[in-house]
Structure formats: C-alpha cells, structure tokens
Amino acid sequence: MYKMQLVACIALSLVLITNSAPTSSSTKETQQQLEQLLLDLKMLSKMVNNKDLKLPRMLTFKFYMPKRVTELKHLQCLVEELKPLENVLNLAQSQMSQLEHNGDLISNINITVLELKGSETTFMCDYDDEAATIVEFLNKWIIFCQSIISKRLDN
C-alpha cells in the first residue's frame, strides 16, 4: 500500500521538476532578448552621446536608478523610467533629426524588457538617493545587460 503512494509521490515530483526546469530554448531565447536589449540601449546611448547632440538641457534631466541591479526582476526599474526617458528624447528630437527613431527604440526596449521580466509587477524598486543623468542612466543599464549576458555564457 505504501509502495503505491511512494511511486505516485515520486512520479509527481518528477513531473514538477521537469515542468519547472528551464529548457535550453528558453535560455537561448532569454539570451537573444538580452542581446537585443543591449543593442537598443547602446543605440540610444550612441545617439545621446553624439558630438553634435550634446544638448545641455537634455543632460539636466535626472533619472532614478535602483541601488542594486543584478537580476532580471530589476528590469522593472527600467520600465518605470522609460516614459521620462522618452519625454527627454522627444524634447531633444525637436532640435536634432538624429533622434527621430527614438520612439521605436523605446517601444522595442519596453517590449523586450516585459518579455524578459515577465508579467509580474509586484517587485518594488529600491532607488538610489542620487539621480543620474541620461548618459549615466543608459550606461548603467548597458553594464547590467553585459553582466547578465556574461554570467549566462559562463554557466
């Protein structure tokens, strides 16, 4: 009698373990999404750092940065700052035509981040006391993507 319960328990445990284990395709997909996010952030950074575009007004806007950025769930903090980022870029766009595709980039970043972090929005960002410029903001998220990608490649 106990053997049957033990076998059923083991079978259910195996099913749970199998269904919750990440597959190589989901890992590969996550890797591709991280690389796409990194590419989009670098493109935005390149546009902002353009020598012709050093608009002092754009650099005065401050962005909130989380104290710790180490896991995919921290991408929620990036999502929360995308609208202010888009507003600053739209302001600069009126003066510089190089920024005409910033809406597409922000949209791509938003979609990619939502796919990476999932639909859970209960994570609360713990922001740093000191705000960052647009350049610092983009650089921090670029470094985050690079570190996550390198960790995944090491595993």
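From the backbone N, Cα and C atoms, a Cβ is placed for every residue, glycine too.
Swiss-Prot has this to say about the protein:
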type	residues	note
DISULFID	Cys77-Cys125	disulfide bond
CARBOHYD	Thr23	O-linked glycosylation site
SIGNAL	1-20	signal peptide
Cβ neighbours of Cys77 (disulfide bond) where a neighbour is any other Cβ within 10 Å: 23
When you measure from the Cβ of Cys125 (disulfide bond), which residues in the chain that are at least 6 apart have a Cβ under 8 Å away? Tyr64, Pro66, His74, Gln76, Cys77, Glu80
